[in-house]
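Participant: According to TrEMBL, the compositional bias 'Basic and acidic residues' annotation covers 1-11. TrEMBL lists 1-94 with the feature region 'Disordered'. What TrEMBL records for 13-29 is compositional bias 'Low complexity'. If you look up TrEMBL, you'll see 30-46 marked as compositional bias 'Pro residues'. TrEMBL lists 120-572 with the feature domain 'Amidase'. As annotated by TrEMBL, active site, charge relay system applies to 169, 264. Among the features that TrEMBL reports, active site, acyl-ester intermediate is placed at 280.
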């Protein structure tokens, strides 16, 4: 992409771009501001029944296992070609439906990182209409895949993630690859360094496919407000959705019946990195039928994540299954000297037991999460999930988090206040867009921000500055901080009473059609979509959304599990048990017309 002259207005672009690596010459983004202190619940010991077991499934060694996984039994080139001709998809298709550990085991003898990378890139191109990617780093991905393949030949591969295709949300800095935050303000910005989480993935041999789409500066709940256009939910083109929506479809509005993703999209990759400030990982996970993990605040470094709300931002993990989330978490968690908010103690990666036991657990059902607007369909799924735990011998009780009804208002005040501070760095003086207006520094600064930010971002900046005014500071910001402490204390009391895990809905309903979603303003939509997820961010707690069922319209519905601070092992073990019980179906994706 040609370098534009300083002051030249950015050209409007939509759709996916292909990136080539080049070193950036612009200044580094300023460091992360010191976060507002947040309350962290006291860790509680994990029941011994949830301790990891060493009997993880090994790589397939016998013909029976190869047959069960649908792969050639002799591993020879002729068998591979025969298999590709018969199935039309080849081994890469099977790899994309397997867990990370299965992919790693199979790849060692049956598939190469380059073949897997080519398959992912082909899927991205064939589903281009989804608009999931802002930048496809094809050259970078193929180069990294070839390097991984060479490591496998030498027997020096780096581990489970070596050669695994990964996508990264476009608000994480990636050296040599454009990072835009889906905003005119950062079009053309190429960071000179990687975010810590990106660097950790690359150090372990992961293959970076590209940067995924989002709302501008991650301010939204539908991936509809970015400068590169809205993201389409892949389930809009699934057989399940088409079969159930066809009788009700209107031929005149056929193009507009596709549904939103709910947030950043992972695209065609084995795993994806997102960010989670108020639910931006769990919300899209629920709508897209994947697992979305928000770790405990401070467990994963935020260095290189372009900040939205420093005291709530957490890198999130999107995967196909809970086991994969545990693998990626183990690769990313731990202290980072570049982020003072990360934990000091070394993180010990863990494997989840093959047959988790929940019979000795206490599952809490917060009554306040039966919120206004919760669909009867979601309520029924929630109730059935509670029955699953009861039937397994777990103790299921109703609990109260009395300050939850005030959390969304509190979240709005604190969120916009920090947004106003963080967005002040984008002034056109050092990097990013600069306006042609140059009568004075003040006029250039104002014009740059007017041209670079959309209405949603400007609105949040104005709201935040209002709450931070001297005459309003005590009445709004300080009171919101006090309410935040009360919200966190509610969780502490519940967990200290003996509850191990909280079970709640993730969203109020399944994904809504885009044409309906855009009828409401961004603030109203975000309030509705974040009401069940943002409390975990304000308390700094780990939470995970697990795909649970298909709605009457054939769209995914997810449920959320909230755990104790820094007890991800317990949280993921419970989530894995639940995942095994519900057996959520794989998407049956049909042709994405127009791609």
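We count from 1, first residue shown onward.
Backbone N, Cα and C atoms are what each Cβ position is placed from, and that goes for glycine too.
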Participant: To which of the active-site residues 169, 280 does the lowest count of other Cβ atoms within 10 Å belong?
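Facilitator: Counting other Cβ atoms within 10 Å of each of the active-site residues 169, 280, the minimum falls on 169.
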Participant: Need one number: mean pLDDT over the domain 'Amidase' (120-572).
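Facilitator: The average pLDDT of the model in the domain 'Amidase' (120-572) works out to 91.
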Participant: Please report the DSSP secondary structure of residue 169 (active site, charge relay system), reduced to three states.
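Facilitator: In three-state terms, residue 169 (active site, charge relay system) counts as strand.
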Participant: How far is it from residue 280 (active site, acyl-ester intermediate) to residue 169 (active site, charge relay system), counting Cα to Cα, in Å?
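Facilitator: Spelling it out, the Cα of residue 280 (active site, acyl-ester intermediate) and the Cα of residue 169 (active site, charge relay system) are 11 Å apart.
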